[in-house]
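Accompanying notes for the structure given below.
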Amino acid sequence: MVAFTVDQMRSLMDKVTNVRNMSVIAHVDHGKSTLTDSLVQRAGIISAAKAGEARFTDTRKDEQERGITIKSTAISLYSEMSDEDVKEIKQKTDGNSFLINLIDSPGHVDFSSEVTAALRVTDGALVVVDTIEGVCVQTETVLRQALGERIKPVVVINKVDRALLELQVSKEDLYQTFARTVESVNVIVSTYADEVLGDVQVYPARGTVAFGSGLHGWAFTIRQFATRYAKKFGVDKAKMMDRLWGDSFFNPKTKKWTNKDTDAEGKPLERAFNMFILDPIFRLFTAIMNFKKDEIPVLLEKLEIVLKGDEKDLEGKALLKVVMRKFLPAADALLEMIVLHLPSPVTAQAYRAEQLYEGPADDANCIAIKNCDPKADLMLYVSKMVPTSDKGRFYAFGRVFAGTVKSGQKVRIQGPNYVPGKKDDLFIKAIQRVVLMMGRFVEPIDDCPAGNIIGLVGIDQFLLKTGTLTTSETAHNMKVMKFSVSPVVQVAVEVKNANDLPKLVEGLKRLSKSDPCVLTYMSESGEHIVAGTGELHLEICLQDLEHDHAGVPLKISPPVVAYRETVESESSQTALSKSPNKHNRIYLKAEPIDEEVSLAIENGIINPRDDFKARARIMADDYGWDVTDARKIWCFGPDGNGPNLVIDQTKAVQYLHEIKDSVVAAFQWATKEGPIFGEEMRSVRVNILDVTLHADAIHRGGGQIIPTMRRATYAGFLLADPKIQEPVFLVEIQCPEQAVGGIYSVLNKKRGQVVSEEQRPGTPLFTVKAYLPVNESFGFTGELRQATGGQAFPQMVFDHWSTLGSDPLDPTSKAGEIVLAARKRHGMKEEVPGWQEYYDKL
């Protein structure tokens with residue numbers, strides 16, 4: 001345990017080469033918070049007795065009750081390395097003390113937006129995988145997010161104690177399980193990794209994989225064992241590391257290494273990993289768990305483990321825990337892996353800068369980020385807001401990428417829509433103070449140089465969720481984060497007592513600040529809507545709203561799903577609309593956009609902010625668009641970045657450029673609220689074929705053009721075989737074989753489609769993957785548990801939009817029922833207007 005003061009930390013912050021910013025990511029319940037504990041205990045915050053139970057990073061009451069992590073929390077740890085270890089570090093270092101900023105993030109699918117916020121400010125990730133369950137859907141989602149942010153992974157295979165005690169596996173089986181898990185991680189890594197990163201696959205023989213048990217507080221890497229044996233046998237450590245993994249076998253008779261699993265006489269040899277690493281661990285486990293009093297002291301002496309006074313009287317699991325912790329302390333293995341293999345900010349920002357910064361790659365600010373320069377202009381990205389103990393105020397939590405942030409410093413606070421040279425979304429204010437985030441506590445400090453993670457007080461009222469702080473007037477923003485989930489489940493919230501309304505409004509503002517992925521808005525009919533990514537996420541948000549942010553009793557409507565409106569074919573005739581003064585006409589047609597193009601727009605591969613020539617090139621080469629069309633994209637909608645497009649296909653129209661702004665504004669409006677039931681449009685492409693305009697500018701202003709364009713868009717849309725799309729979850733369910741039948745019956749009842757079912761080799765568990773419409777997912781978890789006797793655990797994550805085949809204009813069809821219910825709820829006329837209503841005759 002290190003006694004560790006703020007001053008020591010502050011001095012380490014200046015040696016940026018010795019800082020490591022990393023996050024812990026994993027599937028839900030694979031043991032992130034538990035592993036984090038053994039690290040925190042090493043840095044001197046939890047007592048050793050509590051590690052494994054305290055879950056120090058789960059700061060909220062509901063996190064401790066539910067046993068899940070909901071918000072990501074940050075902690076700074078201090079670690080000292082021996083000189084020979086420091087020599088092995090491939091990057092520049094200075095001295096042997098290291099500062100590790102660790103962020104524990106939630107594993108539950110519904111909170112993956114929290115994970116994104118954590119990943120943005122870190123350079124490395126500790127991926128935790130359960131030995132028995134292996135790589136699950138969420139491990140893959142989060143790992144994909146990390147690699148997309150150019151973050152280097154290292155892996156911990158956790159819960160090895162379960163494999164030994166519950167499943168009683170043999171050594172070779174355990175080795176095969178490990179090897180399979182490492183392989184499935186590497187498959188994901190090689191699929192999604194960025195070339196810039198080089199080879200970021202994980203190799204046990206290089207020490208980038210650790211094995212252990214968070215609950216018992218022990219872990220090891222192959223490097224640690226190689227170091228032990230290298231000293232004992234006087235061999236080279238690097239050679240030893242290679243031999244302790246994979247197909248290498250040691251023949252004790254001839255004292256020779258071979259890569260065949262039999263010796264000359266055909267007797268089977270034992271794999272080196274099993275013989276040198278697993279054997280001592282298995283022996284300890286068997287001796288202690290079978291209460292062999294005489295064998296234990298002999299083993300302990302061989303392994304140089306000394307028990308103190310009252311520890312000698314322990315037996316069974318309690319003794320096992322103490323012994324394993326002394327033999328292989330988890331913190332040593334993990335800290336060594338983090339310090340040796342994860343990049344320092346200096347190394348990482350060199351290759352992450354261009355991806356973090358919106359402006360050109362050669363301007364002063366981008367170069368300062370690349371060099372992680374503490375003397376340059378300040379560049380700080382706020383990735384989220386953390387509620388303080390005093391109600392309604394927030395710390396801004398983020399990372400300094402360049403420059404130094406000081407208490408009392410005046411900074412430019414740039415929101416996500418800021419454009420250099422304009423005044424929108426910009427505040428110039430002073431930071432009241434700079435604090436260090438330590439899990440449940442904060443420590444004030446004076447200033448903080450580039451490369452570190454930090455909390456700021458006093459700027460929360462100027463930022464919604466994220467933003468860039470800078471002192472340079474020419475600086476562009478840091479790029480906005482891409483969330484892999486979208487808010488698709490909504491509820492309407494009302495107050496029970498009308499006097500509390502102002503508190504609700506204030507509470508909704510605070511809620512949308514504190515959670516990066518929640519949407520709050522007011523609908524046409526005056527309801528307050530809260531949208532979240534799934535049932536659990538919404539439940540937590542509403543609980544926060546009721547108890548913390550608003551603090552008043554609320555009435556909550558049953559959840560509703562967000563739909564999208566789309567078209568299936570090209571408009572059957574050209575839609576024409578005249579302006580209110582009859583002097584201007586717009587002719588257009590609507591047609592569908594391919595799903596892959598819509599996805600590319602939603603995932604930011606095709607970006608409205610890109611150079612139009614480069615964008616046209618991509619669309620022509622990868623998606624088969626006509627280059628002239630791709631160059632003439634006027635805008636994306638809704639909100640300027642959605643998957644709907646306006647294409648200018650007119651020939652030689654006078655004054656056309658003058659109405660472009662009005663057309664764009666009208667299109668944003670039309671795509672935000674479609675004609676069928678006021679939901680957003682998706683995958684609709686509008687081709688403007690011809691425009692007739694009045695010669696006098698005064699007769700073709702916004703007031704004439706905007707309503708015309710909107711009517712024309714609606715008419716074209718309704719003529720093009722309109723359909724509605726519903727959101728679909730990908731569900732992954734892990735369960736024992738006898739429960740599979742129960743899962744199928746529940747899925748069939750809820751319009752689910754099973755995609756795959758496979759057994760995990762070496763375990764009795766089955767993994768079922770299925771598509772489940774979000775609309776049907778409410779109460780799914782409960783029904784599933786009932787049908788399978790509590791043996792199945794579903795994980796749901798938004799996967800795609802699926803088009804409903806039936807006709808939304810026919811009130812008797814499935815789609816028509818949904819439309820009718822929504823129109824009633826929104827207070828619109830019950831029948832959908834026909835295209836004639838928006839179409840004008842010549």
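Even glycines carry a Cβ here, placed using N, Cα and C.
The Cβ neighbour count for Ser213 (GTP binding site), using a 10 Å radius over every protein chain in view, is 27. For 26-33, 158-161, 213-215, the entry in Swiss-Prot reads GTP binding site, with the evidence type a large-scale study or a structure entry.
The ubiquitin cross-link annotation in Swiss-Prot covers Lys841, and the record cites a large-scale study or a structure entry as its basis. For Lys841 (ubiquitin cross-link), the same-chain residues 6+ apart in sequence whose C-beta sits under 8 angstroms from its C-beta are Leu576.
Swiss-Prot lists 17-346 with the feature domain 'tr-type G', giving sequence analysis as the kind of evidence.
Among the features that Swiss-Prot reports, N6,N6-dimethyllysine is placed at Lys509 (among others), with the record citing experimental evidence. DSSP assigns Lys509 (N6,N6-dimethyllysine) to a helix in the three-state reduction.
Per Swiss-Prot, N6-methyllysine is recorded for Lys509 (among others), and the stated evidence type is experimental evidence. Contacts of Lys509 (N6,N6-dimethyllysine) defined by a Cβ separation under 8 A and a same-chain sequence distance of 6+ are given as Thr520, in order along the sequence.
The feature N6,N6,N6-trimethyllysine is assigned by Swiss-Prot to Lys509.
The phosphoserine feature in Swiss-Prot is assigned to Ser579. Secondary structure at Ser579 (phosphoserine), taken from DSSP and collapsed to helix, strand or coil, is coil.
Spatially close to Lys613 (N6-methyllysine) yet at least six residues away along the chain are Arg631, judged by Cβ distances under 8 angstroms. Residues annotated as N6-methyllysine in Swiss-Prot, with experimental evidence given as evidence: Lys613 (among others).
Per Swiss-Prot, N6,N6-dimethyllysine is recorded for Lys613 (among others), and the stated evidence type is experimental evidence.
According to Swiss-Prot, the diphthamide annotation covers His699. The Cβ of His699 (diphthamide) has 14 neighbouring Cβ atoms from other residues within 10 Å, across all protein chains displayed.
According to its DSSP assignment, Thr713 (phosphothreonine) is helical. Close to Thr713 (phosphothreonine) in the fold, though at least 6 residues off in sequence, lie Ala575, Leu588, Ala590, Ala666, Phe667, Ala670, Thr671, Val686, each with a CB less than 8 Å from its CB. What Swiss-Prot records for Thr713 (among others) is phosphothreonine.
Marked as phosphothreonine by Swiss-Prot on the basis of a large-scale study or a structure entry: Thr763 (among others).
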Cβ packing number for Ser579 (phosphoserine), 10 Å threshold: 24
Reduced DSSP assignment, Ala26 (GTP binding site): strand
Nearest of the binding-site residues (Ala26, Asn158, Val160, Ser213, Leu215) to Ser579 (phosphoserine) - Cα to Cα: Ala26
Candidate with sparsest Cβ neighbourhood (10 Å radius) among Ala26, Val160, Leu215, the listed binding-site residues: Leu215
Between Ala26 (GTP binding site) and His699 (diphthamide), the C-alpha gap once rounded to whole angstrom: 60
Leu215 (GTP binding site) - helix vs strand vs coil (DSSP): coil
Cβ neighbour count (within 10 Å, all chains shown) around Asn158 (GTP binding site): 26
Candidate nearest His699 (diphthamide) in space, where candidates are the binding-site residues Asn158, Val160, Ser213, Leu215 and distance is Cα-Cα: Asn158
Segment confidence, the domain 'tr-type G' (17-346), expressed as mean pLDDT: 75
